[in-house]
Amino acid sequence: MGYTCQDPSISHKYRGEVITPVMLGVGCFLLPLLVLVFTEILIKDSVKRMDVWNLWFLYKECLVGGILVLVLTEMAKVIVGEHRPHFLDVCEPDTAVGCSPGSFIEDYRCTSTKYKGYFVVDSSRSFPSGHSSTSVFVGIFSAYIIHSRLLTSRTGYLAKPFLISLCLSWSLICSLTRITDRRHHWWDVLAGVFLGLVGVTYTICLVRKKMDSYEDDEPPTKITTSTTTLLDVKNKDATSVII
């Protein structure tokens, strides 16, 4: 994949990143888990009464959906390929010096000795943003859990919107810092956000469908119990009349 000589969009210095891949991974694993545990405790009023099956079901769906979004993002990076804003600084192509500004260079070789091979290869995988796609997926899924399962009567009128805003802030910070760190172009981040939105929308619809089918399959134990109790009362009354 070639590049344009002295292209200002790929001539920025590499300055590291605020949200590292490790921080992103830890956050994406812990955020939905903490949200699920917190909501279950508030719903059941006790740690011992937590619905472990329900918690694991929702967390598993979040993990599967998030991993799928990440895999699709990485596949798009390899297939599409795009130079990052710091490409020239990390790669240091041998044809960058002395080339005519604006000319397109297709044949080149990276000569950088400051960075390892992974960073050199990764400098040409900017589209779409993996930080954006995964953080948007996890943030919106966590916000959905709070919105759908946590009653306002349990948390008050301000706590629920505050918790939702925290989840969405995680997605916003992870996405915007990719632009300010010069790790992605704005359209890379936008594409990642779109991919995360599509993934989380599909996952939420799938979760709701499975939860509805599970509730429909449950036997009507409460109706049976109340009917049996009513019959017992009638039998006792009939017995007392006979006596």
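In case you wondered, yes, glycine gets a Cβ from its N, Cα and C as well.
TrEMBL does not curate its annotations; it predicts them automatically.
What TrEMBL records for 59-204 is domain 'Phosphatidic acid phosphatase type 2/haloperoxidase'. Taken from TrEMBL, the feature transmembrane segment applies to 18-43, 55-73, 158-179, 185-207.
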* Under an 8 Å Cβ to Cβ limit, what residues of the same chain, 6 or more beyond the ends of the transmembrane segment (185-207), are close to it? -> 9, 58, 61-62, 64-66, 68-69, 72-73, 76, 82, 85, 126-137, 140-141, 144, 171, 175-176, 178-179
* **DSSP helix/strand/coil residue counts for the domain 'Phosphatidic acid phosphatase type 2/haloperoxidase' (59-204)** => 98 helix, 6 strand, 42 coil
* Taken over the domain 'Phosphatidic acid phosphatase type 2/haloperoxidase' (59-204), the model's mean pLDDT -> 92
